[in-house]
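The following features are taken from TrEMBL:
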SIGNAL    1-27  signal peptide
DOMAIN    36-115  domain 'Inhibitor I9'
DOMAIN    138-621  domain 'Peptidase S8/S53'
ACT_SITE  ASP147  active site, charge relay system
REGION    210-232  region 'Disordered'
ACT_SITE  HIS227  active site, charge relay system
DOMAIN    389-475  domain 'PA'
ACT_SITE  SER560  active site, charge relay system
DOMAIN    678-780  domain 'Subtilisin-like protease fibronectin type-III'
Amino acid sequence: MAAPRCPPFPFLVLALLALSAPALLRADAGGEQRKTYIFRVDHRAKPSVFPTHAHWYTSAAFASSSPAAAPLEPLHVYGTVFHGFSASVPASRAEELRRHPAVLAAFEDRVRQLHTTRSPQFMGLRARLGLWSLADYGSDVIVGVLDTGVWPERRSLSDRNLPPVPSRWRGGCDAGPGFPASSCNRKLVGARFFAQGHGAHYGAAAVSSSSNGSAGEYMSPRDADGHGTHTATTAAGSVTYEASMEGYAPGVAKGVAPKARVAAYKVCWKGAGCMDSDILAGFDRAVADGVDVISVSIGGGGGVTAPFYLDPIAIGAYGAVSRGVFVATSAGNEGPTSMSVTNVAPWLATVGAGTIDRNFPAEIVLGDGTRLSGVSLYSGKPLANSSLPLYYPGRTGGISASLCMENSIDPSLVKGKVVVCDRGSSPRVAKGMVVKEAGGAAMVLTNGEANGEGLVGDAHVLPACAVGEKEGDALKAYAANASNPTATITFGGTVVGVKPAPVVASFSARGPNGLIPEILKPDFIAPGVNILAAWTGATGPTGLEGDARRTEFNILSGTSMACPHASGAAALLRSAHPGWSPAAIRSALMTTAVVTDNRGGAVGDEAQSGRAATPFDYGAGHINLGKALDPGLVYDAGEEDYVAFMCSIGYEPNAIEVVTHKPVSCPAASGNGASGSDLNYPSISVVLRGGNQSRTVTRTATNVGAQASATYTARVQMAPGSGVSVSVKPEKLVFSPSAKKQSYAVTVTAPSAQAAGAPVHGYLVWSDGGGHDVRSPIVVTWLQPM
C-alpha cells in the first residue's frame, strides 16, 4: 500500500465520483443540469462597499464576468469554520466561478451516511467519585450533536435540577412543524435544522412533502429517524429511572456526561443521508453558537477518503478545533475489512466500537437436542410450540433467497417454520419482516465469514435471534442433513458481567489509515454494541415502516454509538480541565486507554474468535475514564503543528489554506522525503519505505500532573521475534515548574530483509512510579516506493 499524496492543486473543481451517491440533477432554464457545489472563498477579498459576505456573494459584482449572468442564490453562507457558500448551479457556471479570483476551491456536494444503562460504568465512571464528581457531571459544558435531530419530550432530555444555561451560550431553537421554540430548555439548549443541501439534491418535492411529518419526516429539528436522539442522549442524557427497551437492559439510564447541555443540529434526514453542504453549515452554526464539543456519527464508507482539503467534515472540524472545540467522529462500520476506517484527519478523535459486559442471550434448540447460542432483543410473545419445522431458503432459492431479500422466498415453503436467513445486503431487521410477511413463524440470522462471531441484538418483529458463523454453519448443516429438521428459540433477557469484555466489534472499521498511514486510526474504541439510549416517538425500534411499536428507549449498535461515548467523555474532561486543548483531551483519552479485558487478557477481535486485536483494530485501546482525569502527561498540538503536518505530507499552500482559512507557507524541503510521523500525536506510526530501514520521530510531552516536579522513565516492548528494535533518547524525562515540556526521539530500526514484512506492533510507556503510565502504541509498516 502506498501512501496517497496530494497532487498539484489548481484543479479543485472535482466530482469525487468514487465517494458520491448519484445526484438527482435538475435542469436550469437553458436545459443544463444543475448540481450543488461548495465554494471556498477568500473572505478577505470582500470589497468594503458590501456590508456582509452574503451581500457580496449575491451581487452582480461577484456573480460573473458576464453582465447577463443571474445573481447567485446561495443555499448556505458559511462564515465561522469555513468561509464561502454553497449553491446549486450548472457545471459551466461552477467552472466560471472557479476562475473567480476570490474563489480558492470548489467541490461537489455529496451524500454521507449515518454510521445507556451500563456503558458509562463500564468505562470507569462511578457516582460521586472521580471524573463525574470533579466535573459535576459536565453541567457547564455544551455538546453539539450533528445528526438527525432530537425528540425533545424524552425524559433523557429533562432539565430537572439543572442550573441555568451557561451565559456564554449564543444558540437558539428553530421552530418548525412539530417543534415549537418552547421545546428547548436548560438541557436541550439549542436545536437547529439544515435542509438546503438536502432539498437541492433531492428536489423541492422532497422538502415540501416532509414539511409537516406526513411523509415520516419533519421540516424542523424534530427527529423522525431516532439516530440523533439516541446519540445525543448517549453523550449527555439526563439520569432516567426505570429505563429499558421493552424490558431489556433495565436500570437507570444516563449519558456519559449526564448534566451536560445538548444542542442538536439536524443535518441528516430519514432515509436520505446527510449532504456535505448541510454538514458544513451545521459545523459553522454550532461553533458560532458556542458549543464546547461536537459529536459527528457521520462519514463515508469503506475507507474511501478524500484529501483533507476536499473533505467538508475534516474542514469543518479543523475550524472547530482551531477555536478550542473538541470534535469526535465515528470510525465507520465497514469492519473487519482492513483499511476501512474513515474520518482520519489528525485533528479529529476517530472512534471505533467495542463490546461491554452485557448481553441479551437467546438459544436455538434443534430437534436432535443440540443447543446453539445467539442474541436477540425480541420482546413479543414466545413461540407457541416447542418444536417447529426448520427451513433454509438458500438450499434451493439462490442467493437472494438465502439473504431473505424482499419477494425472494416462497410463502408456501416457509409458512409456520423457523426460517434461516444469511446476514448481508439488507438490514437485519428487514429480513425478519420479509419472513413474517411470508408467513414464517420465526427467524435465525446467521453470520458469514465477513462478520465471524460478531453479534448485535435487534428488536425483531417476530421471534428471531442472531448466531455467529460457526453456529450458523452447524445450523445449516443440520437443516440440510436431518430428515425432519426442527427447532425452537428461547430468549434469555438481560445478562451482565459477561466475559471477556471489551472485545473489538466485528463491524468496527479498521486501520491502517488509507490516506496517511503515518497517523494511526482509529484513535481508540468505546462502547458501541447493544447501547441503550432514548429513541424517537415517530417510528418503532426497528425503524421499519411496518413496525407499529413505540418505545422510549432503543438498543443500537455501531460506531455511531461509540462516538458519543467519546463526546461525553470529552465534555467531562473539558469541565474538569477547562484549559486543556482538544488535542490534550484526545491525548488523555488515548494514553490511558486499556488493552486488556475484564479477564486480564488481551482485548480480542470479535470477527476472529481467539485472536488478539491490534492497534489497527482499537488504536490506543478502550477508553478508561477512571484514569483519563489524571493522565500525567499529554501530547498537545495546535494550528502550527497541523499546518506543518500538511506541509510534510506534500499538500501545497493553497490546498492547506482551504482547510485553515489562513495563508500558509511551507518550508522548501516539505514533502521531499518527509512524512507525517513527526506530528506530536499520542500514537506512533512509522512507515519504512524501500531500502530505508531506520526512521526517527520526535514527540513533546507536557506535564499536567498534580506534581510539577516529576521524572518519567521510558519502557518499550515490541512483538517478540519481529526483528524490530526501538530506542528512546533520552530515556528519562525530568519535569519541573520551569520545564513543563520535554521532547524525546524514538528511533525504529529493522533489518532490510523485512522490507515486505507484516506490520509490527508494540508500545512505549512513560512511567513516573507514582501511578502514571502514559502509553503510546507503536506500529511499524513497510511500503515499497512508488
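Counting starts with 1 at the first residue shown.
Including glycine, each Cβ sits where the backbone N, Cα and C put it.
Here the structure is a predicted model, which means the values were calculated and not measured.
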Stretch-averaged pLDDT - the domain 'PA' (389-475): 89
Per-state residue totals over the domain 'PA' (389-475) - DSSP helix, strand, coil: 30 helix, 19 strand, 38 coil
Number of other Cβ atoms within 10 Å of the Cβ of HIS227 (active site, charge relay system) across all protein chains: 25
